[in-house]
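Visitor: Below are the structure tokens for one structure; questions will follow.
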Amino acid sequence: MTLKIKTMFKKSQLFISLIAFTCTNYFVQAQQNVTIPIETAKNSLVLQTDKDNRLGIVHFGKKLLKTSDNALISQELRYNDSNAGIYNSPYTPSGTWNLVEPAIQITHADGNSSLELKYVSHQTIKIDDNVTQTNILLKDPNYPVEVTLCYKVYAKENVIEQWSLIKHQEKKNILMQKYASANMYFSADNYVLHHYHGGWAEEMKTEETLLTAGIKTLDSKLGTRANLFQPPTFMLSFDRQATEDEGKVMLGTLAWSGNFKIDFEVDSYHNLRLLAGINPHASEYSLAPNQEFKTPSFISTFSDNGKGEASRNMHNWARKYRILDGEGSRLTLLNNWEATYFDFDEQKLTGLFKDGKKLGVDLFLLDDGWFANKYPRNGDVAGLGDWQENRKKLPNGIGYLMKEATKAGIKFGIWVEPEMVNPKSELYEQHKDWVIREPERPEHYFRNQLPLDLSNPEVQDFVFGVLDNLFTKNPDLAFIKWDCNAVTYNAHSMYLQKQGLPQTHLYVEYVKGLYKVLERIRTKFPKVPMMLCSGGGGRVDYEALKYFTEFWLSDNTDPIERIFIQWENSYFYPAIAHCNHITDWSKVGLKFRTDVAMMGKMGYDIVVSQLTEKELEFSQKALENYKRINPVIWKGNLYRLQNPWEKPFASVNFCNENQDHAVMFNYLTTNRFDTGYNPMPIKLKGLSPTKKYSVKEINLFPGTTSTLKADLVYTGDYLMTIGINPELSGRRSSVILEFTEVK
Ligand code: DGJ
């Protein structure tokens, strides 16, 4: 897309390209009409200075074949308004001549509230053959305030990660009212925003809206469980709604586990301004001289071949560069939450270890309820914060459970919620000053609990200590589920008050404190798999996922609901990170529940002893199948074939990089008599057209047979052009097909 920016550059002005030194770093000093292409393998974001040395975005989208052509783009733009050169700023300042939504708004030490940012220099650093980082320095000509815009490019994955560094050398602190991570500018005929909202057990409900003049905002002010109502993820189609395989689309997300704000502003030229960052709400930040403020990363990928390619870009990037052990392996598990809730003891648990082993999973995960004595954790009303084993339920402690698990031949993992406290706890009694609560007002609870104040280094030590103790006492602990069930009400920190720091730092310092703790945990225990959970999917983002191997998408494990929740999550997060458990939440048959859970990292949360003989046999076989096919699901490419929002059935296939192994999942998503479903062939994607594949229906329930002809071999071309008919019906509402290359 070439931008219709109201900036006019003279044809004669010279394009100053990056000066390549013999070394891999480049450096360019301030001069007029500098063009800075931020290029991935297929796309580019092109920035250029104007005659006044202000930087603007002149192009975003498919990259030009000749890099030097980028310098010419602005000559096509014919605008001369008095506001030319500010709408397209890559970091729009506030208080001077800007009239649109700013990226940054500050008050200087002398009380002046104007900011101007001009280009000074930029530098491109080659990190490796795939990754480069361009840092662009902007400065206020009148005040010693500077902003560095950082763009990290993952070329092959077509992903750009961007953030800003803010610094000043004024005599006293400056106040930052707004400090965005990203400010982008797009030009298209139309902009279609696909975004999400929801609540507990209703995550990732979709909205699609044509953006019109004015501002559309996605935000959270919830603090700890920030994404409960809305995640910081979205898809933006240009010109028209992109489909899986067609159209221009950007996927964007903010890597921040706290309050966020993403503004989409259609300006008076029908161009679109995007501003994404920490939510400025109640978060004015006082920045000391020479202190550097680093904003969170905004991560985006663009494709002009539809949402499918864009999401595969994101998956490839996330597995390789972001999610902890993203290209590694995962453990299947049996969780006791829905099987026992708080009602268990040693005997019951050791029985469950044996059940887990019989089932064939790798690990047993002990959930909530194992701790606290003065106020035992027998429900969600007490005990949170007191991380000592409950002597009544577990008289011999975790160590004993670990030994019993080992004896049973299964690994052992444990649930924690270390950021939270019940007022009915010893921790609350002893350290009320560690709790986020408004001292002048009545406490207000979410799930009977309050967050601890992670801006306080003592609290950080405490939270780190919870995990450190567990690992130190039980070095074989194989898994952690880290939960976070409450939002932040009455956001007030006794610690900040005592330090004389503004309360408006709390939301930001909380998240930074959380990352400090996670960093310490990962320095000491780099490998242990950890599940990110927040009363379901209330906190999922790419900063937290640096420390976690996987996340819990929702407490809602009804398989029909999960098809939709997993479908939407799959645009942003690869299957290896999706924790999908088979539970008794719904009465839908075990096969359907198992098949749906297999589309990610499979686990169980059921009473194994209540399974019928056939159900147990089916589950054992399913786990064997899963062992064989999980490399394709975890590391392969995902293709969405039939969208369940459009028709009452869903189909996807995964295919590995070698294109010799693929798995196709098909589901009927309605139980109505008139399903509205015609058993039509479904075309696969991502196979090799010239390879031949055998097809086998797997996960058949004992006593049932496939309706598909056995021993057939098809070419990839046939499967992708004609397709295959999974023959879904009321009796076959879930069908998994495995394709293996035949040589
Ligand atoms: C909320 C989680 O989403 C559940 O899986 C379970 O761990 C409970 N918390 C325990 O309190």
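Using N, Cα and C of the backbone, Cβ positions are placed for all residues, glycine too.
All annotation found in TrEMBL is predicted automatically rather than curated by experts.
In case it's useful when we look at the structure, here is the feature table from TrEMBL:
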DOMAIN    54-288  domain 'Glycosyl hydrolase family 36 N-terminal'
BINDING   Trp200, Asp367, Asp368, Arg447, Lys481, Trp482, Asp483, Cys484, Asn485, Cys533, Asp555  substrate binding site
ACT_SITE  Asp483  active site, nucleophile
ACT_SITE  Asp555  active site, proton donor
DOMAIN    650-737  domain 'Glycosyl hydrolase family 36 C-terminal'
Visitor: I'd like to know which of the binding-site residues listed (Trp200, Asp483, Asp555) lie near ligand 1, counting only a CB under 6 Å away.
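Guide: So the answer is Asp483, Asp555.
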Visitor: According to DSSP, how is the domain 'Glycosyl hydrolase family 36 C-terminal' (650-737) divided among helix, strand and coil residues?
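Guide: Counting residues by DSSP class gives 6 helix, 32 strand, 50 coil.
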Visitor: With the cut-off set at 10 Å between Cβ atoms, which of these binding-site residues ends up with the most neighbours? Options: Asp368, Asp483, Asp555.
Guide: Asp483
Visitor: Return one of helix, strand or coil for Lys481 (substrate binding site), based on DSSP.
Guide: strand
Visitor: Considering each pair of residues in Trp200, Asp367, Asp368, Arg447, Lys481, Trp482, Asp483, Cys484, Asn485, Cys533, Asp555, all listed as binding substrate, report the largest CA to CA distance in Å, no decimals.
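Guide: Those residues reach a largest Cα separation of 19 Å.
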Visitor: Under DSSP, is Asp555 (substrate binding site) part of a helix or a strand, or is it coil?
Guide: coil
Visitor: Applying a 10 Å Cβ distance cut-off over all chains shown, what neighbour count does Trp200 (substrate binding site) have?
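Guide: There are 18 such Cβ atoms around Trp200 (substrate binding site).
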Visitor: Averaging the per-residue pLDDT over the domain 'Glycosyl hydrolase family 36 N-terminal' (54-288), what integer do you get?
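Guide: Its mean pLDDT is 96.
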Visitor: Same chain only, sequence gap of 6 or more: which residues have a CB within under 8 Å of the CB of Lys481 (substrate binding site)?
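Guide: Listed in sequence order, they are Asn335, Leu365, Asp367, Gly413, Ile414, Trp415, Val416, Met530, Met531, Cys533, Trp552.
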Visitor: In which DSSP state, out of helix, strand and coil, do we find Trp200 (substrate binding site)?
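Guide: Trp200 (substrate binding site) sits in coil per DSSP, no helix or strand.
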